[in-house]
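According to TrEMBL, the features are:
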BINDING   B:Glu41, B:His44, B:Glu129  Fe cation 1 binding site
BINDING   B:Glu41, B:Glu93, B:Glu129, B:His132  Fe cation 2 binding site
Amino acid sequence: MAAAGGLRRGRLWRGARVRCQHCPPLRALQASTVLRRVSDEHKKEPFTSSSQQHFDSPPAGHQPEQEPQGPRPSYTGQGGQESEDYESEEQLQHRILTAALEFVPEHGWTAEAIAEGAKTLGLSVAAAGMFHSDGSELILHFVSECNAKLSKQLEKEQKLVQLGEAEKKPIDEFLRDAVEARLRMLIPYIEKWPQALSILLLPRNIPSGLTLLTSMIDDIWHYAGDQSTDFNWYTRRAVLTGIYNTTELVMMQDSSPDFEDTWRFLENRVADAMTMSNTASQVQSTGEAVVQGLMGAAVTIKNLAGLNQRR
Amino acid sequence: KPQVHTAFIRGVGANRIYAGQMAVLGRSSVGPIIQQMWNQEKDHLKKFSELMVAYRVRPTVLLPFWNVAGFVLGAGSALLGKKGAMACTVAVEESISEHYNNQIRTLVEEDPEIYKELLQVIKQFRDDEREHHDIGIEHDAEATPAYSVLKTAIQLGCKAAIFLSERI
């Protein structure tokens, strides 16, 4: 079951992958929904029976849903009639997950949190059956929400700079601030975040998690003003990903007031990266100078030896 | 947009090919002509780089390879003599013009109004490339020994490179 789910995930990830990175962070979830709509598969998942119990509050005629990543039976019997104000499935899931976040500090990233969230929306707790029992969707939802918030913030800051109301930050400061802003969003959930990280490492979740991470890093570099179109594009993103991941891990074990140690660690890592790039360009220019020196020496020797005569 | 990416890769390739040709034939009689064509390619490449950043397109991982391969192709064809270099130019420019024409057709089909500026740019570039192609023909590219073999081989190579770049 998990393997089939994994295969399907692989397919959906490849299908959703486009060259342009400037896509909404919810791409992974939305893509899975789109692919599910066009999929012909009609396999039944085991916990269909539990989620089929009752669904009082959602609009009449709404079939109980299965997990977003799995296949689902087609909407038959209702004749495809859907009222105008019928919210789509993603929107409903979105609302439930957002409501569930409030309960995460207490219940962790679990079906209980989702059930509580569903209750606050006036839905039955069976709504939690829509999702995996390990809270994967909740975590992915949270991550993509954080990324969206970060993008908006960076965009706002960029507008301020364009309007001339703010100074353009030097790159290291910009990167530091962006990573700090993003990591600060974890603070309310920091107790349960290690659990979330381990769930994100499940093979099933790795594609989506990775996509969210790469698009966030791409966003940060875009707003930092990265204009590279050569291999630098890759090295910069790789370096920033490393900085982000290590800082995140440090934050998990940080007990200093307001995570000062983490921010200091971040500052050092960013400084390291800057030095590294400076060193790299220094090495390159030194290398070029050395080569030119050697060529000059070779020509001189040729001249001395009389080998350079024009014929 | 993947099209921007493909155009960018072609630009990079053309740039490197001319660089290779200049390295070998720079001091010969066709040097100035190649230099002129190379300068135009550099302009094109600059424009494509800007588009890449504007549309936030990811360049292919294979970029360093194409840098080297393009240079080698240019230098190699130039070692075959001036006619060889011209033959290579003709082959590459022909495939580039074809690509531009396809792009223009696609954009016009979709919506000529939205893409007006882009269309203008591409049309200009296409005309430039056609000019390069004609210069190549003028300089006896077709007189190269094994011209058609060489041309087909180069065009196949370009197609393969683009195919891979679109996927990786």
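Counting starts with 1 at the first residue shown.
For all residues, glycine too, the Cβ spot is worked out from N, Cα and C.
Known features from TrEMBL, placed on the structure.
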| residue | record | DSSP class |
| --- | --- | --- |
| B:Glu41 | Fe cation 1 binding site | helix |
| B:Glu93 | Fe cation 2 binding site | helix |
| B:Glu129 | Fe cation 1 binding site | helix |
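For the binding-site residues B:His44, B:His132, the largest tally of other C-beta atoms within 10 A is found at B:His132. There are 26 other Cβ atoms within 10 Å of the Cβ belonging to B:Glu41 (Fe cation 1 binding site).
A gap of 6 Å separates the Cα atoms of B:Glu129 (Fe cation 1 binding site) and B:Glu93 (Fe cation 2 binding site). In the shown protein chains, 25 other C-beta atoms lie within 10 A of the C-beta of B:Glu93 (Fe cation 2 binding site). The Cβ of B:Glu129 (Fe cation 1 binding site) has 26 other Cβ atoms within 10 Å, all protein chains considered. Cα of B:Glu41 (Fe cation 1 binding site) to Cα of B:His132 (Fe cation 2 binding site): a distance of 10 Å.
Listed in chain order, the extra residues whose Cβ falls within 8 Å of the Cβ center of the Fe cation 2 site residues B:Glu41, B:Glu93, B:Glu129, B:His132 are B:Ala14, B:Met37, B:Gln40, B:Thr89, B:Val92, B:Ile96, B:Ser97, B:Asp128, B:Arg130, B:Glu131, B:His133. For the pair B:His44 (Fe cation 1 binding site) and B:His132 (Fe cation 2 binding site), the C-alpha distance works out to 13 angstrom.
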